[in-house]
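Feature list (source: TrEMBL):
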- 1-20: region 'Disordered' (REGION)
- 10-20: compositional bias 'Polar residues' (COMPBIAS)
- 49-457: domain 'Amino acid transporter transmembrane' (DOMAIN)
- 75-97: transmembrane segment (TRANSMEM)
- 142-161: transmembrane segment (TRANSMEM)
- 176-196: transmembrane segment (TRANSMEM)
- 203-225: transmembrane segment (TRANSMEM)
- 245-263: transmembrane segment (TRANSMEM)
- 275-299: transmembrane segment (TRANSMEM)
- 329-352: transmembrane segment (TRANSMEM)
- 373-389: transmembrane segment (TRANSMEM)
- 395-418: transmembrane segment (TRANSMEM)
- 439-461: transmembrane segment (TRANSMEM)
Amino acid sequence: MSSDKRHVNNQETPPATDALSVSTVDDLEESILIVADPHNLGENLTEPHTLMNFIKGNIGTGVLSMPVVLRYSGLWTGFFMIIFAGSVASYLMKVLVRTSRSVREKYNLDRSKMDYTETVFYVFKYGPPCLRKPKGKIKHTVNVFLIVTQIGFSCVYTLFITDNLRYFLHAFFPDLYLNFYVVALIVCVCLIPMSLWSSMRVLAHLSAVANLATLIGAMLIFAYLLSSGLLPFSTLPVYTNPRGILIGFSIVMFSFEGISLVLPIESKMAHPEFYLHPFGVLSVGMTIIISLNAAFGFFGYLKFGEKAEGTITLNIPHSPWWFSPVQPLFVVAICFTYLLQFYIPASIFARLMEKLRCHREASERRRYINLKVMRALLVMFAYVMVITIPKLDLMISLIGAFASSILAFILPPVLEIVHLWEDRHHIKWFWLTVVVKHAFFLCIGLLSFVGGTVATLLQLIEAFNTPDQPKSLW
């Protein structure tokens, strides 16, 4: 790579040095590669470093919503559902990595370029003849779900920041009128100039700050949960109702939807053979993540019961005073995480904009402005979604049901079946050990996709018809 192209990601001076401001399609593709590493993974990672990146990439706002999963599902139903969903998600991550490895070894493909969508493309390209023709459309469909997921993250982060900011300010200024939509608009206005910043080097340092803030905030939450009285088991329901369980499961799906990071992280390892080891990065990392989700959900629900909010941070009081930093810490952490995650949809839309003749043939400054406007519009779209669905738990559930179910539970088993079909469909054990087993996972994914989406929409309609505020602005 030439020195001027290496320099593209380190400055923001318009128009030539913007990370997404380029003059040709080739330059654009190269800039996409520069920003396609939103977690700043680096190259040739050791196992401990890979483990930390894996955990960091899979823990976000979802883990803070685990108590509401048990509120929707019931104490023991929700608790075991978290463990079950996490275990299945962990297994299907291994299926995806195993399939990707098999494809690239069989057809001598570049490991560094085999992300989720490329794996889908090559599995169908070399799969059964009847499935080869639509390989491009299938790849684009997967890209759409990835975009929906990433934009969904932006919407959830915007709503999370808004809710926690209102909660914190109201505690210290109880007489101050804090209209939900006004606070959300202020958050949006603040995020727009921040989202225009495209220096990955600076954002990498902000990521370290976000990790530290998350760690301190989580320690304060557990200190509060374990230092105060918990509700007796007998006062909490074991099971609620089918709709509640579907909504709870969809929230869990959102929390465990880190499958798009599984292949990029593996491609950065110095010794990728240890990734799928029984005590390797994926197994140890998912064990820690499942344990954290289960612990947050179990103790959070035992503490707050039916009062559990969409995020546990809204249940933590400001008395004693040392619990007051919980909301600001997570606002800072999620704000910086928002900027990192924003790189993915911004880079994808920048690539799509290259297909527009009016943008492709425009002047450098015009292209620069177009890319900045696109970023601002993405932030504004998140604001529109926030005022449309101002319920954090239901927004998480909707994204989990609609997008995460497809990416985490449906596609991995389909990919392995398609990849192995040509060589093994005539073998009896293939049907017993692969097809039947994956059919079970497909049924779970389809139930979550259809049932979870319908249940969440019904719950949203019911919520908007109650006097509880805030309601949708529309």
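Keep in mind that glycine also has a Cβ here, set from the backbone N, Cα and C atoms.
The stretches the transmembrane segment (142-161) and the transmembrane segment (329-352) meet in space: the count of Cβ pairs below 8 angstroms, excluding pairs fewer than 6 apart in sequence, reaches at least three.
Counted over residue pairs 6 or more apart, the CB atoms of the transmembrane segment (373-389) and the transmembrane segment (75-97) come under 8 Å in fewer than three pairs, which marks the two as apart. Here the transmembrane segment (75-97) has Cβ contacts under 8 Å with residues 66, 69, 116, 119, 233, 236-240, 245, 248-249, 252-253, 256, 259, 262-263, 266, 275-276, 282-283, 286-287, 289-290, 293-294, 297-298, 301-302, 408-409, 411-413, 415-416, 441, 444 of the same chain, all six or more residues outside its ends. The recorded stretches the transmembrane segment (245-263) and the transmembrane segment (395-418) share 3+ CB pairs below 8 A when only pairs 6 or more apart in sequence are counted, and are therefore in contact.
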